[in-house]
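I have placed the structure first, in the form of structure tokens, so that the comments after it can refer back to it.
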């Protein structure tokens, strides 16, 4: 963790801003705007890009991926520019929580993978890029989105240490644990060999 140097109110404001940005459910907004139905009643019921892909609309899935990752990145960049590095890491955490527990959806949100990657790209782009490449490599080999997410999340702390961003390791560990918790049902299906592959409805 970075040294806490910013004032309490500055940290509170950037934390709240991060949460509000993170809680925007772009998957639901996009699928409703395109007349694709209620995403919570499609496929896995998750509000993220992988489930949007199950509607068969690839542009909608891509837009969801970019916006879900972008909201985390924007929260970090605003906090860093306006306050400092301590606020940036706080905004990364609260934007991630916002995606997982959005107030607009009764605190029932997504699994946070895209937002996780977006915050890492903004906090330290080499770490974010390494995690994105880890996701892509795992997806190419296994064709299972949830497995790719778990491997990318687990590798985050390792990449932080190897690439010289050890001050982010505590944040990375917390985010990884939350991702694993949100994927508990996926983990059971992976172990049982019943987890759907990418592109399957």
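Just so it is clear, glycine is given a Cβ too, placed from its N, Cα and C backbone atoms.
Among the residue ranges 10-30, 31-51, the one that Swiss-Prot annotates as transmembrane segment is 10-30. Of the candidate ranges 10-30, 59-79, 116-136, 161-181, 10-30 contributes the most Cβ pairs within a distance under 8 Å of the transmembrane segment (87-107).
Distant neighbours of the transmembrane segment (10-30): 4, 36, 38-40, 46-49, 51-52, 60, 63-64, 67-68, 71-72, 74-76, 78-79, 82-83, 86-87, 90-99, 101-105, 109-110, 115; these residues of the same chain sit at least 6 beyond its ends, with a Cβ under 8 Å from one of its Cβ atoms.
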